[in-house]
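Here's the structure, in structure tokens; my notes come after.
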């Protein structure tokens, strides 16, 4: 874990590049689990306070515990005591805050799924490096943010290094969805009840009564209700409507095909 005796990189800078931000993240996420938590979180705040005071950026409150509590109340949206990478980007002075750029233009689950549908061009269940580059380029244009080819390449590689949890050079849907605010990330709701390929095939076949290879939104409603009841999880009408809308963003002309739903509900995307 990062200790006070080991100076973390770049915290004193007035503005961070995307690459520098990533180095800070890796420094404090010592166990590499995708969160800064526990002692890691305490170390981060101690070092951030030191760096800001050293560079003349005094905090409003000198009370470490109070400041840390305020931060967690503001950014720890699901109150799990952990800080995610995209949340950290909101307090560090990151150049052209590229993570927030995602959130401004892919702010809801439905918009995110529409973007995923566009850039997962081969419908593999992954966005690969060349597809991600196009995704980022379009987002930067939407945000009217100037960029050049080297900067676009840096953003692409940084996002890959941030969210490519298994190091295969491509992003699965669940990995990419970490760009969404926690409260908008409907995919988190399916954690702990992912299906195997065999389980998915059985449930899809049950609801695809006419064996057409796709289901409509009403059949999806029934499928989601069944899935939640099976896993003893509660879901109200509004949640069901939101989840259905998000998943149906993957559909073509109201038809949700087996392969697209499998990306959302299975442990691994289809090969």
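The backbone N, Cα and C atoms fix where each Cβ goes, glycine too.
Feature annotations, courtesy of Swiss-Prot:
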- 29, 31, 33, 35, 40: Ca(2+) 1 binding site (BINDING)
- 76, 78, 80, 82, 87: Ca(2+) 2 binding site (BINDING)
- 120, 122, 124, 126, 131: Ca(2+) 3 binding site (BINDING)
- 164, 166, 168, 170, 175: Ca(2+) 4 binding site (BINDING)
- 208, 210, 212, 214, 219: Ca(2+) 5 binding site (BINDING)
- 16-51: domain 'EF-hand 1' (DOMAIN)
- 63-98: domain 'EF-hand 2' (DOMAIN)
- 107-142: domain 'EF-hand 3' (DOMAIN)
- 151-186: domain 'EF-hand 4' (DOMAIN)
- 195-230: domain 'EF-hand 5' (DOMAIN)
- 235-270: domain 'EF-hand 6' (DOMAIN)
- 214: phosphotyrosine (MOD_RES)
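A distance of 17 Å separates the Cα atom of residue 214 (Ca(2+) 5 binding site) from that of residue 124 (Ca(2+) 3 binding site). Ranked by Cα separation from residue 208 (Ca(2+) 5 binding site), the binding-site residues 87, 122, 170 are led by 122. Of all Cβ atoms in the shown protein chains, 7 besides its own fall within 10 Å of the Cβ of residue 210 (Ca(2+) 5 binding site).
In this structure, 166 is the one among the binding-site residues 33, 124, 166, 212 with the smallest number of other Cβ atoms inside 10 Å of its Cβ. In this chain, no residue six or more apart from residue 80 (Ca(2+) 2 binding site) has a CB-CB distance below 8 Å. Look at the domain 'EF-hand 6' (235-270): DSSP puts its residues at 20 helix, 5 strand, 11 coil. Considering only the binding-site residues 31, 76, 87, 131, the Cβ with the fewest other Cβ atoms within 10 Å is that of 31. For the Ca(2+) 4 site, the Cβ centre of 164, 166, 168, 170, 175 serves as reference, and the other residues of the chain with Cβ at most 8 Å from it are 126, 160, 163, 165, 167, 169, 171, 172.
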